[in-house]
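To start, the structure under review is shown below, and the notes come after it.
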Amino acid sequence: MALPTAQPLLGSCGSPICSRSFLLLLLSLGWLPLLQTQTTRTSQEAALLHAVTGTVDFASLPTGLFLGLMCDEVSGLSMGHAKELAMAVRQKNIVLQVHQLRCLARRLPKHLTNEELDALPLDLLLFLNPAMFPGQQACAHFFSLISKANVNVLPRRSLERQRLLTGALKCQGVYGFQVSETDARALGGLACDLPGEFVAKSSEVLLPWLARCGGPLDQGQAKAVREVLRSGRAPYGPPSTWSVSTLDALQGLLVVLDESIVHSIPKDVITEWLQGISREPSRLGSKWTVTHPRFRRDTEQKACPPGKEPNVVDENLIFYQNWELEACVDGTLLAGQMDLVNEIPFTYEQLSIFKHKLDKTYPQGYPESLIKQLGHFFRYVSPEDIRQWNVTSPDTVNTLLKVSKGQKMDAQVIALVACYLRGGGKLDEDIVKALDNIPLSYLCDFSPQDLHAIPSSVMWLVGLHDLDKCSQRHLGILYQKACSAFQNVSGLEYFEKIRTFLGGASREDLRALSQHNVSMDIATFKKLQVDALVGLSVAEVQKLLGPHIGDLKTEEDKSPVRDWLFRQQQKDLDSLGLGLQGGIPNGYLILDFNVREAFSSGAPLLGPGFVFAWIPALLSALRLS
């Protein structure tokens with residue numbers, strides 16, 4: 001399972017010393033009274049006490065001791081010891097909490113060399129005062145490290161972040177509101193805090209950065225972003241020219257769009273984009289690729305430090321910095337030890353880096369040997385990723401379905417099953433049972449070819465509105481399967497079962513159904529194929545609808561009722577006594593042209609106007625003959 005932050009691993013010290021946290025360390029430094037109670041002197045305790053008489057070797061201490069560090073304990077350390085402690089935290093890749101970092105920063109010496117800064121944890125530097133580094137060279141080095149730190153450790157608009165931003169701009173030589181791409185890279189995460197005046201003057205540089213910022217924009221930033229987008233300036237141009245990829249790129253800026261901007265975006269673009277994110281929610285604010293651009297930048301600039309490349313997935317990776325995970329961990333190592341990836345409590349951020357590494361290792365999709373070992377890691381895979389897979393084993397499908405149960409992963413599950421069917425797989429009883437809690441509307445998401453692999457027994461589970469978004473081709477295939485599934489059912493029970501699938505029924509099927517007085521409701525009638533419906537006579541439709549025949553009047557101006565009316569003799573419609581209009585007047589010919597075959601324009605089925613237009617030509621031809 002994943003945890004929001006790294007937690008101490010139980011038993012990582014190998015003795016009860018971890019449960020006493022940092023007390024023994026403080027005792028070893030000689031400024032805490034001796035414990036009144038006697039404790040068992042383990043080898044680790046002896047090492048701590050030995051530190052009093054010599055140089056303190058913090059790097060040799062167990063990781064668990066650092067994780068329990070308290071402010072009161074740190075305040076008793078000398079500045080030299082505090083610096084050595086901080087360096088050990090960096091060396092051991094230990095993740096400290098905010099209050100621990102702040103306390104430790106207060107005890108550091110006021111003068112630090114570049115070499116000493118390099119040896120400190122990056123996130124610890126966020127709590128240092130930039131005034132400690134006067135001069136262009138010193139401040140440039142300090143802020144080059146800050147740009148790689150996770151500034152979100154500090155709350156947005158906190159005094160510490162404001163102090164860092166002011167210092168960074170001054171060090172970079174920015175005195176107006178214009179910043180370059182180089183300036184933005186130098187600021188790193190601090191670029192997310194630049195006020196609206198900077199956004200207005202440097203929109204081409206800053207808007208892509210703001211789109212990737214994790215937190216909400218402040219009022220000034222949001223106003224400036226809206227003005228830039230409304231004006232059609234770079235980098236996105238006028239809203240009327242936006243595409244689906246533009247909306248994807250906007251990401252965190254979408255929330256500031258106002259009504260005037262939204263109305264300027266082409267409607268078909270909005271529709272396509274909304275359909276895309278409904279199928280793949282991970283496209284909206286995806287954290288796999290854009291949330292932390294600094295990780296990719298760090299990887300390009302830094303190689304894996306000597307001795308840091310792991311040969312096994314273990315707890316030590318928890319304490320790697322994110323850039324070290326990117327630089328040092330190999331995708332094939334992760335693929336071969338997915339059981340350990342799932343067992344160790346990595347953070348969500350670390351797991352996202354692991355996924356990025358796997359995606360780079362297998363750009364054409366994960367092999368099935370890896371897929372069957374994904375376990376809980378399956379939760380971090382998007383439907384788009386799954387569509388690249390080739391899954392042939394029902395055991396693989398069943399394993400991942402168990403992992404996804406209760407996790408709100410319908411989109412991933414549907415993509416997985418579709419992938420399996422595409423590879424020639426068949427839905428067995430276990431897979432069908434695992435899909436019980438997912439609405440069967442997923443049948444519409446499969447390709448028509450995949451539907452042939454669905455067992456007919458599944459049709460018994462389809463609900464009344466499950467197929468509402470299915471295409472005509474889907475319905476035609478599913479109707480045939482439903483007929484097979486319900487072949488031993490008759491009467492009204494048969495109609496209740498087959499009703500959901502009637503959108504795929506042919507004219508002959510509807511004609512046969514009309515002989516059973518099924519009393520079809522108008523909602524079902526409206527879902528019938530137009531091509532099948534228009535060939536039915538008034539008497540046949542009357543038998544189909546039964547007591548619901550009067551509902552035709554409310555739908556006479558809408559398809560498919562309108563299409564059916566155009567093909568009927570008006571005198572037959574009059575016999576219903578409903579006042580239906582639009583039929584063919586008495587004495588006129590009924591011409592049955594197949595428009596789709598005769599005309600390449602794909603016009604709708606013939607109405608009376610089309611028929612009337614041809615009658616004079618036909619009469620002239622008859623006179624000539």
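Note that the numbers count up from 1, one per residue, in the order the chain is shown.
Glycine is treated like the rest: Cβ placed from N, Cα and C.
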### Task
Name the residue from CYS213, CYS328 that Swiss-Prot records as disulfide-bonded to CYS304.
CYS328
### Task
Would you please pick out, from the recorded positions SER202, ASN390, ASN488, ASN517, the one with the fewest other Cβ atoms within 10 Å of its Cβ?
ASN488
### Query
Given the recorded positions SER202, CYS328, ASN390, ASN488, which one's Cα is the least distant from that of ASN517 (N-linked glycosylation site)?
ASN488
### Task
Would you please pick out, from the disulfide-bonded residues CYS304, CYS328, the one with the fewest other Cβ atoms within 10 Å of its Cβ?
CYS304
### Query
Roughly how many angstrom lie between the C-alpha atoms of CYS304 (disulfide bond) and ASN390 (N-linked glycosylation site)?
33
